[in-house]
Structure formats: structure tokens, C-alpha cells
Amino acid sequence: MELNTKIISFISGLNWGNALTNLPVQVIEFYGTKTGTNTEDEAIISTLEVALCVGAAFGTILTPIYVQKLGFTNSLIILFGLQMLFSGLTMVPVHWIYLTVIRTITGLVTSSISSLTPLLVAEVLSPKERGHTMMNFAIALNLGIVLAYVIHLLTSFNYEFWMLNFAFPVVCGFVALFCLRKIYVKQKEMRKISLKEQRNDLLEQENQMDAIQHSDEMISATFIKSSAEETSNTFARRVQTSSPDQFNKKLTKTQFKRVVYITVALGMMQMFTGADAIIIYASDIFESLFKSEKSGIYASLIIGVVNLVYTLIAVPIAEKQKRRNILMTGVIGVSICHVIIAALYFFHCNKLYVLAALLLLFFFYNIGPEPIVFMLFSEMFPQKYKVKLNGLGYTVNWISNIISVFIFQFFQNGKEHFVYLLFGLLTITLGVSGTILAPETFEKTLMDIEIQIRAWTKKSERKVRREGLEMKVVVMNLQNQQIQVKE
């Protein structure tokens, strides 16, 4: 089951990366030619580019509703089937409005898959394997982006084959469904074994109680009663120790507000690094920078390959260093790069310097904000709130993605320095505050992380608790003095 979970996580990342970049501007324009509609209008292009993100935001909002009823495995089986269906429908040229609707639904399904697989990983795998698998998820995401760029490069010589990028998730979907089927069968077997063990425990307990009740010839009735109570209490303690009821209690207001803030801050920060907006508009950005045919496609491919290499470099770092330290390094590095890029645009410096600064930005992004936020979202949420807070995190993430894409588009054509300064400010503010408040999850079990979160208290609460203890000490001292006086 562990291997199948890792494969599903990898495919989820591949399909997500592919979805982000499989509809470049050139393909949109060719689609308009193919269907006899005008898709060269900036508003239509922006609508098609953002449709995926809009659907993704709605998808993560809806996820908690059906997951609690269907469970992770059944939900993923349905979602992968829908992803295959709508990826196939995308390949049918009809009209740009039709394409917008299909892209929106595809985004809804894709985001739901990518937000659920980390939770499946967290439940099935050990802490060490969990971190490694989530790094592989980030690698797969960047690999999906690179493959989409490669397919775009190949189809750019003949855009009649534009639909090849949308065939990719269909092929991956078959593999994912095969793995999910195996997980479903394994979970069904485990449930049967668990029910059998529970029945055996109950039978064993009943036998113990019967044995105690029929031993009145050897021991007194009082002893029988106390033994029965002791056996019953021992069994109750054993059941209570193994059950997760202690983690079903609500968080305090302080704890809940802090977890929500971390979720929102990190979800926003990851997208306001501008990384996704740069990737979505990469071909446009580099065509305007270098003013030559296919320069945008080549530069986009370079960005994709470099991102993939950076993620591979980040794997050993993430497996040895604490999550918060890595995230803080990435956040500060990305923010500094934004300031540098803004200065390069403002002073009209050589375009190669801009490309170099963007590559450096992606280095810090792939070290910290991209993989570590995914890891924290899969690990840090308390059991009672896991699905809902995960949905909140990814919803905020995708809404921020939409906003960042529109902001990025608005500040093109001579105003680029403004958008990079804005992204830098948002990254440093949200990233630093969210990282400082976040729990450390490196090599910790989900139970350890939840215990850490449930230990968070306000200063005022700690003060009241301390004063209460001090008052108890005073009362005990007075009682001791009274006892000594009486004696």
C-alpha cells in the first residue's frame, strides 16, 4: 500500500504541473483559429489562463464536504476518473467559452486531487517516508511543468498536434486508478482484520468476566467483585489508550486562531512569490524580453528544467534540516530576488540579468516555499480539523494564485518593477510571520505535532494558570500551619 500511495502522490504532482502550463498563449491563439473565434483579445486570454485557478479554488472549498462521506480513497478514484474525462473533452475544439468551462472543471478536479493526496500520504506513511514522498511530489510537479514545455516546443512546429498536452493526464490517470484499486482492496482487507480483532477482544473480555464470576468457590465474593472491576478497568484503559478520542476535543480559541493564521499566511505567501504567475506567462515574458521567434518557448523550457534541478537539490536538504529553517531561508531569498528584479526592470538593465535573477528566485522558491508549504499542509493540521483546514489552505492558495496572475498581467509593459516589489513585500510579511508561528514537524509523528499545537496558550492564560498554582501552594501552606498549631 505504501508504494501505491507514493505512485499516486507522484502522478498527482505530474498532472498538477502539466495543468499549470499545458495551455500557453500560442495554443490559445491557434485554438481560436481552429474554431473560428477571436482568442487574441487580452481579456479572453486572461480568462482562459485563470479558468483553471478559479475551478481549483472552488474544488478545494468543496473537498471537505464529500471526503468526510466517501473517504480519501473513494474520493480520489472518482476525481481521477473525472480528470481523465475532462482532459479528453479539452481536446475537442468547439469555442473558447466551451474551453473555459472545461478548464474550470479540470481545475476543480485537479486541485482536489493535489490537496487530498498529501493527506493520504500523511496517514499511510511514516514521518521519514512522508517527507521524502512530499519532496517527490514537488519534483513531480516541476517534472510535469517541464514535460508540458517540451510538448509545447514539439507542437510549436505544427500546432495541429496541440492536444497532445491534454492526453498526458489521461495516460497518467489509468496508472493512478490501478494503484487506487489496489489500495482500496488492501484497506478493505485491513478493515475486516480490524473488525475480527475487535470481536476477539470482546470475546476474550467476556470469557475473563465469566471466569471471574464462576470462581466463587475459590475466592471470596468481595475479591471477585474487585477483580472484575479491575479487569474491566484495565480493558477500558487499554481501549482508551489506543483510541484517538483524546484528539477529538476542540482546540482553544488561541490554538485555532493560530493554526488558521498559519494556514492562510503560508497559503497566500506561496502564490504571492509570483512563481506560478511567472510560469503561466513565461513564454510571453521571454518573448518580450528577447524579441525573437520561439525565444519565449526556449526560455520557458530552461526555467522548467532549472526548477526541476533545484527541486532535486532541495531533496537532501529537506530530509536533514528542520522545516521552519528551510522555509525561512527560502522566504527571505525569494524576497531579496524580487527587489533585485524590480531594480533591474526599473533601470532597464540587460535582459540576461533579469533571466539570471529569475533563476535565482526559483532556486529559493524550490528550496522553501514550494515543498515545505506542501509538507506543512499534510502534517500540521489536528485530526479533528484536518480535512477542513487542508481545504482552507488550498482554497486560499488558489485564490491567491488567481489574484497574483491578474496582478502580474496588469503590471506588464513597462510597469514590471511595481509587481515584483509588491510580491517581495507580501512574501516577506506573510512568510516570516507564518513560519515563526508554525509548528516544527520534522521527523515528528502526527500525534507529536498535534500535542505540540495543543500546548499553545496565551500569555494571559499562562499567567492565570501560574497564579492558580501559586494560590494552591499558599492554601496548602496555610493548611499545614493550621495542622501544626492543632498538634
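Just so it is clear, glycine is given a Cβ too, placed from its N, Cα and C backbone atoms.
Automated prediction, rather than curation, is the source of TrEMBL annotations.
As annotated by TrEMBL, coiled coil applies to 185-215.
The feature domain 'Major facilitator superfamily (MFS) profile' is assigned by TrEMBL to 1-442.
Here TrEMBL flags 43-67 (among others) as transmembrane segment. Residues 19-20, 23, 25, 28, 32, 75, 96, 99-101, 103-112, 115-116, 280-281, 387-388, 390-391, 394-395, 397-399, 401-402, 405-406, 409 of the same chain sit 6 or more residues outside the transmembrane segment (43-67) yet have a Cβ under 8 Å from a Cβ within it.
Look at TrEMBL and you will find 76-99 (among others) tagged as transmembrane segment.
With a cut-off of 8 Å between Cβ atoms, the residues of this chain six or more beyond the transmembrane segment (137-155) that come close are 9-22, 24, 26-27, 117-118, 121, 161-162, 164-165, 168, 279, 283, 294, 297-298, 300-301, 304-305, 307-308, 310-312, 314-315, 366, 370-371, 374. Sequence annotations record features per position, and here TrEMBL assigns transmembrane segment to 137-155 (among others).
Marked as transmembrane segment by TrEMBL: 161-180 (among others). Panel annotation: around the transmembrane segment (161-180), residues 4-5, 7-8, 11-12, 14-15, 18-19, 22-23, 27, 30-31, 73, 76-77, 80-81, 83-84, 87-88, 90-91, 110, 147-148, 151-152, 154-155 of the same chain, lying at least six beyond its termini, place a Cβ under 8 Å from a Cβ of the stretch.
Listed by sequence, the residues of this chain that lie at least six past the ends of the transmembrane segment (259-283) yet keep a Cβ under 8 A from its Cβ atoms are 20-21, 24-26, 49, 145, 152, 251, 296-297, 299-300, 303-304, 331, 334, 338, 358, 361-362, 365, 369-370, 373, 376-377, 380-382, 385, 389, 392-398, 400-401, 403-405, 407-409, 419-420, 423, 426-427, 430-431, 433-435, 437-438, 453. Taken from TrEMBL, the feature transmembrane segment applies to 259-283 (among others).
Feature annotation from TrEMBL assigns transmembrane segment to 295-315 (among others).
Residues or ranges marked as transmembrane segment in TrEMBL: 327-347 (among others). Here the transmembrane segment (327-347) has Cβ contacts under 8 Å with residues 269, 273-274, 353-354, 357-358, 360-361, 363-365, 367-369, 372-373, 376, 416-418, 420-421, 423-425, 427-428, 431-432, 435, 438 of the same chain, all six or more residues outside its ends.
Sequence-distant contacts of the transmembrane segment (353-377) (same chain, at least 6 residues past either end, Cβ-Cβ under 8 Å): 115, 118, 130-131, 134-135, 137-138, 141-142, 262-263, 266-267, 269-270, 273, 275, 278, 286, 289, 299, 303, 306-307, 310-311, 313-314, 317-318, 323, 326-334, 337-338, 340-341, 344-345, 390, 393-394, 427, 431, 438, 441. Residues or ranges marked as transmembrane segment in TrEMBL: 353-377 (among others).
Positions annotated as transmembrane segment by TrEMBL: 389-411 (among others).
Among the features that TrEMBL reports, transmembrane segment is placed at 417-438 (among others).
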Predicted model, mean pLDDT over the domain 'Major facilitator superfamily (MFS) profile' (1-442): 85
